[in-house]
Amino acid sequence: MRGVFVTGTDTGVGKTAVAAGIAWLLRKNGIDVAAMKPFATGSKPFSKKFKSEDTAILAEATNAIETDEELNPVFFRVPASPLMAAQILNKSPPDVHGALFQLKKLGIKHQFVVVEGIGGLMVPLTEREFVADFVRLVDLPVVIVTHPRLGTLNHTLLTVRVCREFGLDILGIVVNMMPKKPSAVEKNVPRVLQRLAGVPVLAVLPEMKNKPDYKEIGRLLEKTSVAEKVLA
């Protein structure tokens with residue numbers, strides 16, 4: 001199965017926009033691509049068709065024909081980690097291998113699969129399994145989405161360390177939401193991250209005034225080597 005797993009250093013760093021942007025760009029270049037969010041949570045369903053807004057965005061970016069259950073097999077109506085949400089709702093924890101099965105089905109149907117994680121790599125899925133365990137099962141290279149704000153060096157380097165401890169292949173880092181007029185600290189984040197992490201910074205994306213548009217993200221990524229590296 002060919003694909004990429006998009007994770008973040010935290011919630012709210014723009015994983016969905018970047019994942020959808022990558023998927024849109026690949027599709028624009030003639031690749032038959034699917035995009036999936038195996039695990040999602042939220043306070044209420046997003047629409048009649050999609051429980052998660054993230055899944056809706058990924059489906060739109062790829063013009064998906066699959067059902068919501070195929071693209072997002074696990075959803076809990078509590079905005080928390082899947083493990084905690086399941087416990088609060090008195091439900092069984094996520095079926096990790098069931099989600100993996102759905103992903104493999106997409107991998108058979110399509111040339112390439114973009115997989116978006118939930119939160120960061122150490123978000124618990126069950127009492128014994130974290131997102132990083134799932135990534136190890138799917139065996140896809142990882143793109144780490146981060147931001148240039150204070151605290152990003154710690155969060156990003158910890159994410160890189162987790163990848164290495166779990167034996168995950170890191171494709172690179174995307175620094176998202178760079179201010180139009182960055183401070184000296186923000187401006188230097190990509191350079192320092194690349195040096196300390198020993199991982200390439202694939203792209204630096206600007207902060208957007210309105211809600212991030214995956215097509216705009218895709219066009220910005222097109223000016224970088226992201227597509228080539230993802231498909232390598």
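Heads up, the Cβ atoms here are built off N, Cα and C, so glycines get one too.
Here TrEMBL has Asp54, Glu116 binding Mg(2+), and the candidate from Thr16, Thr146, Thr152, Thr156 in that same listed site is Thr16.
Each residue contributes its Cα atom, and for Met177 (ATP binding site) and Thr16 (Mg(2+) binding site) those atoms are 13 Å apart. According to DSSP, Asn176 (ATP binding site) is assigned to a strand segment.
Counting only the Cα atoms, the space from Ile118 (ATP binding site) to Lys37 (active site) is about 8 angstrom.
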